[in-house]
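Marked as transmembrane segment by TrEMBL: B:25-44, B:51-71, B:91-117, B:129-148, B:154-172, B:184-206, B:226-250, B:292-313, B:320-338, B:344-365, B:377-404, B:472-490 (among others). The domain 'NADH:quinone oxidoreductase/Mrp antiporter transmembrane' annotation in TrEMBL covers B:150-436.
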Amino acid sequence: METLFAILVGILFSAAIYLLLSKQSVRVLLGIALLGSAVNLLLFTSGRLTREIPPIIAAGLDALPNNTANPLPQALILTAIVISFSFFAFLLVLTYRAFQELGTDNTDEMRLAEPKNEPMPPTGY
Amino acid sequence: MASPSSLSVDLSQAFVMAPPGLGEWLVILPPALMITAGALLMMMRHRVDRHGFIAIPALVALVLIDAALLWKVSTGGPVTMMMGRWLPPFGIAFTVDVLGALMALVSALAGLAAGIAALTDISDSGRRYGFFPFLMLLMAGVSGAFLTGDIFNLYVWFEVLLISSFGLLILGSEKQQIDGALKYAVLNLIGTTLFLISVGYLYAIFGTLNMADIALKAREINGAPLMTLSALFILAFAMKAAAFPVNFWLPASYHTPRITVSALFGGLLTKIGIYALLRVIVMLFPVQREELSLVLAIVAVLTMVLSGLGMLAQNDLRRMAGFAVILGIGNMLAGIATDTMVGLSGAVLYALHSILAMTALYLVIGRVKALTGSWTLSAGGGIYSMAPGFAFVSLALFLAVAGLPPFSGLWPKIMLVKASVDIGAWWLAAGILISGFLATIALGRTFLLAYWRPAPESAASVIAGPLKQDRLAAVAILGLAALIVLFGLFPEAPLSLSQQAATGLLDPQSYVRSVFPQGGAQ
């Protein structure tokens, strides 16, 4: 199970990186969403994948049996999902506004903050 | 099934039973205060005229709390408070040592200065967009990052300050800002995602997120891929700190927002990456740090020299200041790379100097714009005859940023050069000196062109604006300049504190003991 997930996470990462390298800002955005999912799955896998053993402490014991899934990474994912979701929402609006204001979704043409052919500082007066 | 009341449970197995002392509350107060103030300001979003009356006292309180905290940890050793009273390593620990308290205090001072300057610089519409709430939440994220002792919690504080920085960056929604913000947001988000990946691997290896616990286990563990992990952490934090190959988001975005926002960012944000490098790489992974120090040194030299050249090539003063921020980062990385006591305390000292000096530098540039009506070197001029007092303070700041005596930039630079010569890395020392030389040329030229050169005829009409007399910005700049001069003339106190901080990093025994008073929970 873990091996399968490791391969899946790898595929997601490579797809995300491929999209991040694109020049279209929407693709970059999708790449970020995919990257977030890949990381969440990675965290999920790091806490052992099993559904056979319920995480219940039996009467008379004071700890979980050894091979139950670790609940902590799942709590971490929960935090990470909330964070990445809110960032994604922000980025979505930002990308849309950038497309409206700058009239392009090509990152090569977004040169307003760093214009080409900026004058060099004067060498004397 | 037995009812819960019939069981006698020994809570001391899982909980800290003693109530936290008064001093321990200081550990959690800075972020708690900032979040409360931010929430309060958000509820008052229709009364923007009153925002300053809450924000400034809250920032003053933050400075006082951080000062008390620094006094406590520098005299009594690191302090730990467990959230929810769980016994460590379970539950989130807030552990403060000298390094964290020192950085938190100096950041709070820079935040206060920026808050005061914002009272006139940020218009009513900027306040309605939420400048002061974002400022409070940014300071919450910054304080939390410096004070936490849990690595996942550090990630969460990173995200808190990142989302508030987004809000500040696009305040006003001008085209340039949106362009800069898109690059800033995407690249910083990838940086924090890398950090999250590293935290996931770290948990898979160690089974704990408590930094003191990791520090203990990292010295014993064998056969774990710690080198990969450290390299991932270095990449993530280098991206946050704007180290050379992954720093192009900084010159693309830092000059676009309001100048007060630039001042905050230039002062605070990149230093958090440096702090995280110090905390995670230096304190947690000593063996891997030694192996990777050559990589860090090469990155440091490239960062310094290339940003020095970048400073020379800029006509826009704000963009020049952006490269000055990166130049400082290169110096701090050089200190981390030397991996010695002197080098590390030099890096800490440089970070403190840089927080104050960069905030002040951006605020000064804001005044230059108000006086001459232009951000550029080619159009401005004549400040020396208009405002000689301001020109005097600016010159002091420029000298401090360039690392010349008698100001605060000198001492860390001496320590860094000494540390690099001590380990025989002459090229690292040369990089530090060359980058200082380049910065001196760029800032000296700024003084020559914007201050000494007579004002061009066309600019005479702009100067009568109402922003010319801005007492609050003057208060902020003078306060920071006074700190920088004091720091330069009387370096003993910051010097001994930074040495204490470096000792705590190289030998985290007292940090670990503050979390595990019985010497380990195992």
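Positions of Cβ are set from backbone N, Cα and C atoms, glycine also.
Same-chain neighbours of the transmembrane segment (B:344-365): 99, 102-103, 106-107, 109-110, 113-114, 117, 259-260, 262-264, 266-268, 271, 274-275, 278, 282, 317-318, 321, 324-325, 328-329, 331-336, 338, 375, 393-394, 397-398, 400-401, 408-409, 411-416, 418-419, 473, 476-477, 480-481, 483-484, 487, 494-495, 498-499, 501-502, 505-506, counting only residues six or more beyond its ends whose CB sits under 8 Å from a CB of the stretch. Ranked by Cβ pairs under 8 Å to the transmembrane segment (B:472-490), the stretches B:51-71, B:91-117, B:129-148, B:292-313, B:320-338 are led by B:91-117. Long-range neighbours of the transmembrane segment (B:154-172) within the same chain, counting only residues 6 or more positions beyond its ends whose Cβ lies under 8 Å from a Cβ of the stretch, are 31, 122, 125-126, 129-131, 134-135, 137-138, 140-142, 144-145, 148, 178, 180-181, 184-185, 188-189, 192, 195-196, 199, 240, 253, 256-258, 261, 264-265, 269, 272, 276, 279. With a cut-off of 8 Å on Cβ pairs spaced 6 or more residues apart, the transmembrane segment (B:51-71) and the transmembrane segment (B:129-148) reach 3 or more such pairs and are scored as touching. Within the chain carrying the transmembrane segment (B:184-206), a Cβ under 8 angstroms from the stretch's Cβ atoms is held by residues 151-152, 155, 158-159, 162, 165-166, 169, 213-214, 217-218, 221, 224-226, 228-229, 232-233, 235-237, 239-240, 246, 248-249, 252-253, 276, all 6 or more beyond its ends. When each of B:25-44, B:129-148, B:320-338 is checked for Cβ pairs under 8 Å to the transmembrane segment (B:91-117), B:129-148 comes out on top. Within its own chain, the transmembrane segment (B:129-148) has Cβ neighbours under 8 Å at 27-28, 30-31, 34-35, 37-39, 41-42, 45, 51-52, 54-55, 58-59, 62, 66, 92-96, 100-101, 103-104, 107-108, 111, 114-115, 118, 122, 154, 156-165, 167-168, 171-172, 261, 264, 268, 272, 275-276, counting only residues six or more beyond its boundaries.
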